[in-house]
Amino acid sequence: MVTAPLFLKGCIVMVEIIVPIIPGKKLGVVGKIDIDVGEKVEKDQVLCQVETAKGNRQIRASISGYIKEILVEEGQEVASNEILILIDENMQLNPEPNVQRVEKIQSFEKNNSEETLEKDLLIIGSGPGGYVAAIYARKRGLDVGLVEKDRLGGTCLNIGCIPTKSMVQSAHFYDSLKEMEMFGIEGDFSSSVNIEKVVQRKNDVVDTLVSGIEYLINKNDIELFYGQAEFINDKLVKVGNKMVKAKNIIIATGSQPSILKVEGHNLDGVIDSTEALNLNEIPENLLIIGGGVIGLEFAFVYNTFGSKVHVVEFQDRLLPMFDQDAGELIESICEEKDIQISISSKVISIKETLENKYIVNFEKDGKLYYSIADKVLMSTGRKANIDGLGIENTSIKINEKSGNIIVNEYKQTNLSNVYAIGDVSSKLKLAHLASHEAFIAVDHIFGEKREIKNIHVPSVVYTNPEIAVVGHSEQDLKNKNLKYRVSKFEFVANGKALTMNQNKGFIKLLASEKDEILGAVICGADASTLISSITIAMKNNISIKQLTQTVFAHPTTAEVIHEAALDLIGRGVHM
C-alpha cells in the first residue's frame, strides 16, 4: 500500500502518492517509473518502485484516476512521506481543478467513505498484542484490518516500556560517570542532566521503533484504520465513518492508568506516568504515590537525575506483588540513595499552595503526616481500557471486579468469534504476555489449541539493581501449603558482577521435592536477561539436576543460576 494525502472540492478528488515509512529515517531511491503524465491508472496499479535497505517497495495507486504530475525522477533519493506523484480522479472533466487540501492520510487509513468492509480478522489496538496478531495472522493468509485511535505501537512503545527504559538508560550512564575514578579513569567528570535532551533521545528511540512497525504493517499489506473503534453489535464495528464486518475480532486495547480519586487528584501538578516521561524540568521534590513497578522505576530515574524523591505506598512493603526479599532489598537501597519511603500509608488529600507546591497528606499508624513536592506522580496501577468500545452493544462479558474482559485459556470471550488479549483481559499487564497471547488467539482461529500459564511469564522491574521474577514466590508456596526447597546465592560472590561494580543482589531458586523448578527471583546485574534462562527451564520441565549438569560460560552473571542450582542439591561451591 501507499501513503496518500486526500484533497477534496465537491466531488473532485486529488491524491498525493508519497513515500512509505522507511525504518531508521533512512533515504530510499526511486526505481523504475511505470507511468506518464496524463495516463489513466486503476486503483492498486503499480506506479513506480522505491528501493530501500529492506528491499524494493512497489508504490501503487490508492484510487483510479489520471496522472496529474510526477514530482521525482528515476534514481532520485527520497525520504519517508515525500510526495512522488499526484493523481486526479477527474482530470479530463476538469483539467485545472482548484483543489484545497483537507487532510493528509494513508491510503489504507482514514478513508471517509461509508462503505461496509469485510475482513477475515479485525484487530482493535496496535500495541504489542495487536500489531503482532495482525502480522502473524497476515502471514497465515488472513485478510487483516488493524484499528488504532492514536499511534502505532500502543502504550508500551509510545508511553510505557520503551520510553521509560530509555530514561532508565540515561540515568544509568549518569550514575556510571560518578564511578569513573573507581575504575581508574581520571579526569574532569563534572556533568549535569539536560532533561530536554533526555526526553528528545527517548522520543527518537520511540519514533524509530514506530516507523519500524509502520514499515511492517505496510510490507504485510495490512489495512490500517485510524479512529475510535466502536462495536455496533457482536459482529459489526464502526471506525470513524466506516463499518467493518469481520469473521473474527481481536480486542487488544491495552490498559490505562488507574487514578486514586482522592481530593486534589486532578490538580495540574498531579501527573501520571505519561507526563512523567515528558517533563521539561527536573522537579526538586517529587512525591510518588505507589511503590509498585512503575512508581519505583521513576523513583530511581528521578533520584539519579537529582530530585528528592518520596514514595508513599499503601501496602506494608514495596513491590507487594513480588518476593518479599526483593522488596526488602530495594527498600534498603532506596535508603542508601536517600529515597524516602513511607509504607503502610494512605493518601488522604493533595492541596496546592500559593507557591505552586503540592502538599500530600497521608495517614500512617493512625497519625497524620504531610509531604511537600513540586510534582506528585500518581502510580497506583492500571485498568483495562474499554472506554468508548461500545462493549455495552455486545454480549461480551466483563469481570465486574477487575474490569477486564473475561476470556478462556485461548483468549476467547464468551462470543466464539471475539478474542481479547493483553492488558484488556489479563491479570498480568505485561507487553511480552500480550504478544504471546496474540499467537495463541490467532492459532485458535485456525483451530489450533495452545495456552500459556502465568507461572511461566517473567516480570521485570528496571530499578538499580534490576529485579526479575518467574513462577511462584516463596510466600505463594507457603500460602498454598506446598513443600519446597530454597537456595539463595549472593551476587557479591560472582566474579563478573564484581568487575562491573554491581555486586548487590541475589538469586533465589525454589524447587519441589521432585526436583522441579517452582520459581525464581533475581535481584542484580542483568536480571532482566537472566530470568529468561529460568523461564525456559520451567516451561520445558528442565530439572534442578539438569541445570547443575549444564555448562555456564565464565565469567558471566549467569553463573549465579548454576551456583543456586548446585546449592539445592547440597553441592554449592562459591557459597
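Going from the start of the chain as shown, residues are counted 1 onward.
The backbone N, Cα and C atoms fix where each Cβ goes, and this holds for glycine too.
Note that the structure is predicted; figures quoted are calculated from it, not measured.
TrEMBL lists 14-88 with the feature domain 'Lipoyl-binding'.
Under the three-state DSSP scheme, Cys156 (disulfide bond) falls in the helix class. A sphere of 10 angstroms centred on the C-beta of Cys156 (disulfide bond) encloses 23 other C-beta atoms. What TrEMBL lists as disulfide bond is Cys156-Cys161.
Counting every protein chain shown, the Cβ of Ser255 (FAD binding site) has 23 other Cβ atoms within 10 Å. If you look up TrEMBL, you'll see Lys165, Thr253, Gly254, Ser255, Asp423 marked as FAD binding site.
When Cβ atoms from all protein chains are considered, those within 10 Å of Gly290 (NAD(+) binding site) total 24, not counting its own. Residues or ranges marked as NAD(+) binding site by TrEMBL: Gly290, Gly291, Gly292, Val293, Ile294, Gly295, Leu296, Glu297, Glu313, Gly381.
Sequence annotations record features per position, and here TrEMBL assigns active site, proton acceptor to His554. Mapped onto three states, the DSSP output places His554 (active site, proton acceptor) in coil.
Each of the binding-site residues Glu313, Asp423 was scored by other CB atoms within 10 A of its CB, and the lowest score goes to Glu313. Note: the NAD(+) site is recorded as Gly290, Gly291, Gly292, Val293, Ile294, Gly295, Leu296, Glu297, Glu313, Gly381; in the same chain, Ile288, Ala299, Val311, Leu318, Leu319, Ser379 also have Cβ atoms within 8 Å of that site's Cβ centroid. Predicted-model confidence for the domain 'Lipoyl-binding' (14-88) is 83, expressed as mean pLDDT. Taking every protein chain shown into account, Thr253, Gly254, Gly292 are the binding-site residues, and of these the Cβ with the most other Cβ atoms within 10 Å belongs to Thr253. Sequence-distant neighbours of Ile294 (NAD(+) binding site) (same chain, 6+ residues apart, CB-CB distance under 8 A): Thr164, Ser273, Ser379. For the domain 'Lipoyl-binding' (14-88), residue counts in helix, strand and coil come to 3 helix, 40 strand, 32 coil, using DSSP.
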